[in-house]
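Data block below; observations after.
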Amino acid sequence: MVLSSADKNNVKACWGKIGSHAGEYGAEALERTFCSFPTTKTYFPHFDLSHGSAQVQAHGQKVADALTKAVVHINDLPNALSDLSDLHAYKLRVDPVNFKFLSHCLLVTLACHHPEEFTPAVHASLDKFFSAVSTVLTSKYR
């Protein structure tokens, strides 16, 4: 999916407003994913998946850091996320549908925390961005 210049601007502006809350939102989105899509828990058998768990918080920060890197390198997602794509495809073997689940939960989390900024245009841009990130992360599965 091609991101237009307006999409890129929307994503950068929204992510800029998230700022220091990115890790917190990443963890919240993970918790939402685990609750809404219980099969996603199978990839984390060694985690304490309870609300506020330090392990979920730490992984939420990793998710946020990866997305921040993607925002910074929005014009070159394949190169920016190549190592992460390798990890998920070859080592972790995460079912690609789980990226869609997490993307949905990220959208819900951002909408809850930033309702005024979460316009239909921003929603569409973020959805396209998360879809592009998911596509890159699953590109090495083939």
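Glycine is no exception: its Cβ is also placed from the backbone N, Cα and C atoms.
The annotation O2 binding site is assigned in Swiss-Prot to His59. When secondary structure is read from DSSP and collapsed to three states, His59 (O2 binding site) falls in the helix class.
Look at Swiss-Prot and you will find His88 tagged as heme b binding site. Around the Cβ of His88 (heme b binding site), a 10 Å sphere holds 21 further Cβ atoms from the protein chains shown. When secondary structure is read from DSSP and collapsed to three states, His88 (heme b binding site) falls in the helix class.
Looking just at the domain 'Globin' (2-142), the mean pLDDT is 94. Swiss-Prot lists 2-142 with the feature domain 'Globin'.
Here Swiss-Prot flags Ser4 (among others) as phosphoserine, drawing on similarity to another entry. Counting only same-chain residues six or more apart in sequence, none has a Cβ lying under 8 angstroms from the Cβ of Ser4 (phosphoserine). According to DSSP, Ser4 (phosphoserine) sits in a coil region rather than a helix or strand.
Around Lys8 (N6-succinyllysine), taking its Cβ as the centre, 16 other Cβ atoms fall within 10 Å, counting all chains. According to Swiss-Prot, the N6-succinyllysine annotation covers Lys8 (among others).
What Swiss-Prot lists as N6-acetyllysine is Lys17. Annotation note: Lys17 (N6-acetyllysine) sits in a helical segment as assigned by DSSP.
For Lys17 (among others), the entry in Swiss-Prot reads N6-succinyllysine. The local packing around Lys17 (N6-acetyllysine), expressed as other Cβ atoms within 10 Å of its Cβ over all shown chains, amounts to 13.
Taken from Swiss-Prot, the feature phosphotyrosine applies to Tyr25. Within the same chain, residues at least six positions away from Tyr25 (phosphotyrosine) with a Cβ under 8 Å of its Cβ are Ile18, Gly60, Ala64, Leu106, Thr109, Leu110, His113.
In sequence order, Phe101, Cys105 constitute the residues six or more apart from Ser36 (phosphoserine) in its chain with CB-CB distances below 8 Å. According to Swiss-Prot, the phosphoserine annotation covers Ser36 (among others), on the basis of similarity to another entry.
Feature annotation from Swiss-Prot assigns N6-succinyllysine to Lys41 (among others). Around the Cβ of Lys41 (N6-succinyllysine), the same chain contributes Phe34, Leu49, each under 8 angstroms and 6 or more positions distant in sequence.
Counting every protein chain shown, the number of other Cβ atoms lying within 10 Å of the Cβ of Ser50 (phosphoserine) is 10. Here Swiss-Prot flags Ser50 (among others) as phosphoserine.
In sequence order, Asp127, Phe130, Ser131, Val133, Ser134 make up the list of same-chain residues 6 or more apart from Ser103 (phosphoserine) whose Cβ falls under 8 Å from its Cβ. Ser103 (phosphoserine) falls within a helix when secondary structure is assigned with DSSP. Annotated phosphoserine per Swiss-Prot: Ser103 (among others), in sequence order.
Taken from Swiss-Prot, the feature phosphothreonine covers Thr135 (among others), and the record attributes it to similarity to another entry. When other Cβ atoms within 10 Å of the Cβ of Thr135 (phosphothreonine) are tallied across all protein chains shown, the result is 16.
Of all the Cβ atoms in the protein chains shown, 19 others lie within 10 Å of the Cβ of Thr138 (phosphothreonine). Annotation source Swiss-Prot lists phosphothreonine at Thr138 (among others), citing similarity to another entry.
Residues or ranges marked as phosphoserine in Swiss-Prot: Ser139 (among others). When Cβ atoms from all protein chains are considered, those within 10 Å of Ser139 (phosphoserine) total 15, not counting its own.
Taking the Cα atom of each, His88 (heme b binding site) and Thr138 (phosphothreonine) are about 8 angstrom apart. Within the set of recorded positions Lys8, Lys17, Ser50, His59, the entry lying nearest in space to Thr138 (phosphothreonine) is His59 (CA atoms).
Between the CA atoms of Thr135 (phosphothreonine) and Lys17 (N6-acetyllysine) there is a gap of 25 Å. Closest in space to Ser50 (phosphoserine), of the recorded positions given as Lys17, His59, Ser139, is His59, taking the CA atom of each residue. Checked against Lys8 (N6-succinyllysine) by C-alpha proximity, the recorded positions Lys17, His59, Ser139 yield Lys17 as the nearest.
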